[in-house]
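Visitor: Annotation comment: Swiss-Prot describes 165 as active site, proton acceptor, evidence class sequence analysis. Taken from Swiss-Prot, the feature ATP binding site applies to 19, 20, 21, 22, 23, 24, 25, 26, 27, 44. Taken from Swiss-Prot, the feature Ca(2+) 1 binding site covers 407, 409, 411, 413, 418. According to Swiss-Prot, the Ca(2+) 2 binding site annotation covers 443, 445, 447, 449, 454, on the basis of sequence analysis. Annotated Ca(2+) 3 binding site per Swiss-Prot: 485, 487, 489, 491, 496, in sequence order, evidence recorded as sequence analysis. Taken from Swiss-Prot, the feature coiled coil applies to 344-365, supported by sequence analysis. If you look up Swiss-Prot, you'll see 13-300 marked as domain 'Protein kinase', on the strength of sequence analysis. The feature domain 'EF-hand 3' is assigned by Swiss-Prot to 472-507.
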């Protein structure tokens with residue numbers, strides 16, 4: 001693979017819209033500039049929180065023994081998640097790729113602010129999105145899904161990789177074809193034999209986590225098989241196997257393996273499928289089947305899976321579960337964006353007592369839309385033009401520092417909504433006015449409701465000191481989000497938002513704190 005120290009990501013790829021955000025990364029769509037086919041890719045930027053060691057040139061392409069990977073010594077050890085994903089992707093390139101059911105890595109670029117992974121673009125959508133959109137859904141479709149996930153797991157497990165965060169949103173179809181392969185992706189929390197940083201274990205989704213992970217036991221490939229068992233249970237019922245009133249009860253149910261097939265729709269599911277789920281959701285990891293063993297199971301092969309359409313109630317529940325899951329996942333990912341917790345305080349220290357009036361905030365929004373050529377994102381020069389247009393000369397000298405504060409992924413652009421939230425957070429608002437202000441800042445299309453992405457941005461503004469002390473416990477963020485998730489339609493009206501605040505005073509204190517001066 002060719003290597004040129006002067007080569008930058010933007011030299012070879014046209015970078016376009018954001019496909020998704022995580023607490024420590026952002027994924028954008030890209031197009032390779034060279035070649036006749038103009039290959040489309042997904043570019044995942046892993047943000048470096050610490051400083052680079054001296055000698056790592058900004059914007060330069062680094063090299064390593066395999067595919068130009070940056071060597072681990074060039075990556076701050078404290079940035080455990082970044083380092084971990086680089087290590088795992090290196091192992092995948094060496095021992096797994098290419099594989100029809102595991103995401104492919106094409107290229108790697110490192111600069112002083114992070115690492116950019118150029119990945120295979122999976123444009124076919126998430127696993128559950130496709131299932132709920134189908135005209136017909138039968139056990140055979142569910143078996144085909146399990147078969148592909150098991151094939152991907154078999155390959156990564158042979159390479160001594162444990163995914164550790166297997167869930168529906170980490171399984172995407174390559175394209176929109178009916179027979180498109182299903183790809184396992186997002187190996188940021190995965191572990192390999194020679195490296196597992198303890199901080200990685202703080203993350204993950206409790207609904208899919210194994211009993212041994214909750215009880216601080218040894219994490220192995222069999223932990224992924226438990227997660228696959230949870231996915232299969234949901235595929236055949238429309239709801240998760242462990243449902244409880246609170247997070248601690250759910251943890252105990254998982255540790256004890258306390259689930260059932262009593263609900264009436266399970267009567268229509270084959271005994272072979274239920275036996276398979278029971279084997280996957282066995283508390284003792286050694287008694288769970290391996291991915292290789294799963295591939296030879298008669299139900300997974302399709303021999304014993306029913307081809308008759310499932311009970312419509314199951315599909316309806318899947319639709320509801322999917323909408324709820326996506327809204328929660330977006331919020332959780334954004335809450336973990338660690339640097340944004342402190343932005344309100346940092347912004348106040350920059351601009352002193354300069355509090356924007358409501359009409360100035362509205363003017364800021366309008367000028368952003370008018371001047372910025374890239375939708376909601378602005379370059380530094382565009383941000384300066386916005387301040388000039390608003391006749392704010394006192395803030396212009398601070399523009400580079402404010403810009404740097406909000407350039408979350410060091411890509412040279414800032415998100416208009418984050419700037420708006422930052423300035424509005426300097427206002428001293430109370431009661432409904434504060435709730436309305438917080439809500440309106442993210443209702444960017446003035447639709448009267450906020451989408452999952454907008455809810456995520458709102459939670460993202462929570463100051464660190466206002467979060468519960470047990471925030472790192474598995475599933476705690478799920479519990480917080482459940483307080484606001486009134487229904488499962490994928491959107492939240494102001495009345496729903498307000499009702500959630502009135503039901504729980506601690507939640508109101510958390511959210512309103514970002515709108516009050518320190």
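Note that Cβ sites are derived from N, Cα and C of the backbone, with glycine treated the same way.
A description of the local structural setting of each listed feature is requested, covering burial, neighbours and distances.
Guide: Under DSSP, residue 165 (active site, proton acceptor) is assigned to coil, being neither helix nor strand in the three-state scheme.
According to DSSP, residue 27 (ATP binding site) sits within a strand segment. The number of other CB atoms found within 10 A of the CB of residue 27 (ATP binding site), across every protein chain shown, is 19.
Of all the Cβ atoms in the protein chains shown, 11 others lie within 10 Å of the Cβ of residue 447 (Ca(2+) 2 binding site).
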Visitor: Could you say which of the recorded positions 165, 496 has its Cβ with the most other Cβ atoms inside 10 Å?
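Guide: Per the Cβ count within 10 Å, the most buried is 165.
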Visitor: Measure from the Cβ of residue 491 (Ca(2+) 3 binding site) and count the other Cβ atoms within 10 Å, all protein chains considered.
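Guide: Excluding its own Cβ, residue 491 (Ca(2+) 3 binding site) sees 16 Cβ atoms within 10 Å.
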Visitor: Using C-alpha positions only, work out which of the binding-site residues 19, 27, 491, 496 is nearest to residue 447 (Ca(2+) 2 binding site).
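Guide: Of all the candidates listed, 491 is nearest in space.
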Visitor: Could you check which of the binding-site residues (25, 27, 413, 449) sits closest to residue 491 (Ca(2+) 3 binding site), going Cα to Cα?
Guide: 449
Visitor: Around residue 25 (ATP binding site), how many other CB atoms lie within 10 A of its CB?
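Guide: Excluding its own Cβ, residue 25 (ATP binding site) sees 23 Cβ atoms within 10 Å.
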Visitor: Within 10 Å of the Cβ of residue 449 (Ca(2+) 2 binding site), how many other Cβ atoms can you find? Include all protein chains, please.
Guide: 18
Visitor: Can you give me the Cα-Cα distance between residue 19 (ATP binding site) and residue 165 (active site, proton acceptor) in Å, rounded to a whole number?
Guide: 20
Visitor: Please classify the secondary structure at residue 496 (Ca(2+) 3 binding site) using three-state DSSP.
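Guide: Assignment for residue 496 (Ca(2+) 3 binding site) reads helix.
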